[in-house]
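Peer 1: Feature table excerpt (Swiss-Prot):
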- 11, 18, 52, 94: Mg(2+) 1 binding site (BINDING)
- 11: active site, proton acceptor (ACT_SITE)
- 18, 90, 103, 104, 132, 241, 242, 265, 286, 347: beta-D-fructose 1,6-bisphosphate binding site (BINDING)
- 18, 132, 265, 286: dihydroxyacetone phosphate binding site (BINDING)
- 228: active site, proton donor/acceptor (ACT_SITE)
- 231: active site, schiff-base intermediate with DHAP (ACT_SITE)
- 231, 232, 233: Mg(2+) 3 binding site (BINDING)
- 374-383: compositional bias 'Polar residues' (COMPBIAS)
């Protein structure tokens, strides 16, 4: 059977600042999705949150970018936003960048990851959802899951994985993508995805039969809106087992609390902290950036689960290390490398401050202006 899993998220307002979704807004979204299930638009659904993001997980048979499915999600977010405004929640409707729905949600603010598959006899999946960071935050764990044999033993042991995987990498600034093969193009792949603010792993395919293995949301709100309107808070769907990473291999990729951009005001680097659903809320310095994982099985278009994947003492040390790194990074205050690099600050109010100070700068005769790099040009696209 062919079925689709759609994970669509948005920040529609939260309690006490950028902290946590209010249960009444989730109840409002639930009413919309329950009606869509009754009408047969979707077959099953699950609603959750990570931090201030409302997450809609829906299964159906309508394929990707289906108008009715996306309109259902839009209606759920709008109804939840109404409740947010009634309760006076913070940043009500923040991620909804348009006033009206127009066919599908692409470019309208919500983050979208959709996996359209021919179901295997057993179809286990993991859905990872992050708060206070951006889509490129999944570059490192996706590389480890699908290309690093030190993380994923199946790359060595499983014959169906031994040929490797294909990585579709998107340049979010130019709107262009390139497909790179692992292991033979591993170094070129790392050359791109090591700049996660620009190059994002969008999809991964098994090289042996071109079967899709993962999909990541790629919406970057500031690039859509032209200003800072909150971090993108990405979602990731990964297929598991039998020719794909085992569940334990997928989770192993998050055992190291690596640094990601986002955190406070979307302007700081901090460690990603994998947590249980009950701890999925932003606290210290609006973070540290949180990650939850839910495990499901898909059968005949319906969802069995979830399992709260990080609700386990095996990740206690990861969380402890993330807390130590949090403390270390915070001691830098407004200085880099805690604060993001200038190119990533362009969509904050920092350029306004610099413009205000411009008249006070004066030319120093004994200092030459830097020459442009010979390795870059005004047009950095790959035409």
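Yeah, the Cβs are placed from backbone N, Cα and C, and that goes for glycine too.
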Peer 1: Nearest of the binding-site residues to residue 286 (beta-D-fructose 1,6-bisphosphate binding site) by CA-CA distance, picking from 52, 94, 232, 233, 265?
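Peer 2: Among 52, 94, 232, 233, 265, 265.
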Peer 1: Please compare the binding-site residues 11, 52, 232, 233, 286 by how many other CB atoms fall within 10 Å of each one's CB, and tell me which has the fewest.
Peer 2: 286
Peer 1: Please report the Cα separation of residue 265 (dihydroxyacetone phosphate binding site) and residue 103 (beta-D-fructose 1,6-bisphosphate binding site) in Å, rounded to an integer.
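Peer 2: Per the Cα atoms, residue 265 (dihydroxyacetone phosphate binding site) and residue 103 (beta-D-fructose 1,6-bisphosphate binding site) stand 31 Å apart.
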Peer 1: Measure from the CA atom of residue 233 (Mg(2+) 3 binding site) to the CA atom of residue 11 (Mg(2+) 1 binding site) and give the result in Å, rounded to a whole number.
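Peer 2: Each residue's Cα considered, residue 11 (Mg(2+) 1 binding site) and residue 233 (Mg(2+) 3 binding site) end up 9 Å apart.
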Peer 1: Between C-alpha atoms, which of these binding-site residues comes nearest to residue 233 (Mg(2+) 3 binding site): 18, 52, 242?
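Peer 2: In terms of Cα distance, residue 233 (Mg(2+) 3 binding site) lies closest to 52.
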Peer 1: Quiz question: given the binding-site residues 103, 242, which has the greatest number of C-beta atoms lying within 10 angstroms of its own C-beta?
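Peer 2: That would be 242, with the highest Cβ count within 10 Å.
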Peer 1: Under a three-state reading of DSSP, tell me whether residue 242 (beta-D-fructose 1,6-bisphosphate binding site) is helix, strand or coil.
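Peer 2: In the DSSP reduction, residue 242 (beta-D-fructose 1,6-bisphosphate binding site) maps to coil.
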Peer 1: So which of the binding-site residues is most packed in, judged by how many other Cβ atoms lie within 10 Å of its Cβ, out of 132, 265?
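Peer 2: It comes out as 132.
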Peer 1: Restricting the comparison to the binding-site residues 18, 94, 232, which residue's C-alpha is spatially nearest the C-alpha of residue 242 (beta-D-fructose 1,6-bisphosphate binding site)?
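Peer 2: So, spelling it out, the nearest of the binding-site residues is 232.
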Peer 1: Cα of residue 232 (Mg(2+) 3 binding site) to Cα of residue 18 (Mg(2+) 1 binding site): how many Å, rounded?
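Peer 2: Their Cα atoms are separated by 13 Å.
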Peer 1: Fill in the CA-CA distance, residue 132 (beta-D-fructose 1,6-bisphosphate binding site) to residue 52 (Mg(2+) 1 binding site), as an integer in Å.
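Peer 2: About 9 Å separates the two Cα atoms.
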Peer 1: Let me know the most crowded of the binding-site residues, choosing from 18, 94 and counting other Cβ atoms within 10 Å.
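Peer 2: Neighbour-count leader: 18.
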